[in-house]
């Protein structure tokens, strides 16, 4: 149920006034037709996004949500970020409020020629436009994993929809005012709920509005003792991408080596921090302190330094895939990592070798939870746009369908293929070409071991409801001989050297640090 929060009462009533109503006529049928026009306006944005996927016919339903856009990082085209503030909106104007079923919303795409990668559509109805809206599920995504009692949001959404339906089924002009009251009450209830479930971290309404002061940011970010960049000695830059930059530092107080990640100061930063706090570090990177940069424009996250580097570095270093047993070990450990975060009702949404980092003991940990989502165990999470790296994105994400932990298992199938062969199964020179390859199932023809191939095929099932899950993955013949209880603590097959496991840059990073 979408909750309209931008002068919702005034705009709703003004919109209602523009629809001819027979106030002095008892003709209920005509009145119901008028009411149905108003209902169409509010229900248009929550219309189902379900799309069918098959090898013969691919249907792509463009969502009217303003969040469905892709931002391609110029320096790293395989890092994509959801762009909620795009200025390239494509406005579709309908001259009649009742004409919300635009036939252009359904496009056949045996190729992706009809897809606008920067699609940021907002359906503007004549005299009924300029609504600022979000759904409870979108709000969950926005505030992310600080929402401890996220199910309350879904209950609130269901209550609003049920009460609205009761009003829709009434007869009489008072329904307009009743409907306005529902939207007003829903906004108030949502605000109270968000403040309650985020009282220990952040008032989400302030975060969404971007109105937090520097002092409020520092209060939200406080994790342990108060720190500043002056407490660390910079060593080198060890990572850079669409998320920001990661540098190696030495903590002057403890003389411990740390990694500090620098990201934009927005609610996605708080989402990632809250996620990492919740996960605790057994299967994910540990965080110790969070604080603002000296210029107050960036968020700095002090994390454990994982000396082994990421799998992407080592794949690039060897130029081909890993030895079979090492690829199997890393795949198995990633399965355990996914088990852990999924039990916490979190979907990573960006599983790839770059985010699989090897710790000092030679075992895999996950990092970069900037795209992570909370999900409801009883129903899939809404799709807020194409998030992740093109080569690892699942079909349901590309088709703007609801998401579940199955999106991580699709990415695991891509990663497994890459760990074995050194390349990904779906390729292209641009993100669009990669997406077309994924949807058309055009894969690289590379011979691999029989059991490995069978598992990859099951992981890359285009239907998320039949895609193989954790239990069946662990029981697959490919993992015969793997002890799932001890693999994360046993002696690894190979342990990287303690140094030279990163593509480092000292001078360039110094300039960046000085700009903080």
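For all residues, glycine too, the Cβ spot is worked out from N, Cα and C.
These numbers come from a predicted model, not from an experiment.
As written in Swiss-Prot, here are the features:
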- 350: active site, proton acceptor (ACT_SITE)
- 238, 239, 240, 241, 242, 243, 244, 245, 246, 261: ATP binding site (BINDING)
- 79-115: compositional bias 'Low complexity' (COMPBIAS)
- 232-479: domain 'Protein kinase' (DOMAIN)
- 69-115: region 'Disordered' (REGION)
Problem set entry | Cβ neighbours of residue 246 (ATP binding site) where a neighbour is any other Cβ within 10 Å | 22
Seminar exercise, completed: By the 10 Å Cβ-neighbour count, the most surrounded of the recorded positions 238, 240, 244, 350 is 350
Seminar exercise, completed: For residue 244 (ATP binding site) and residue 350 (active site, proton acceptor), the CA-to-CA distance in whole Å is 15
Exercise. What kind of secondary structure is residue 350 (active site, proton acceptor) part of, going by DSSP in three states?
Worked result: coil
Exercise. What is the separation, in Å, between the Cα atoms of the residue listed as 'active site, proton acceptor' and residue 246 (ATP binding site)?
Worked result: 17
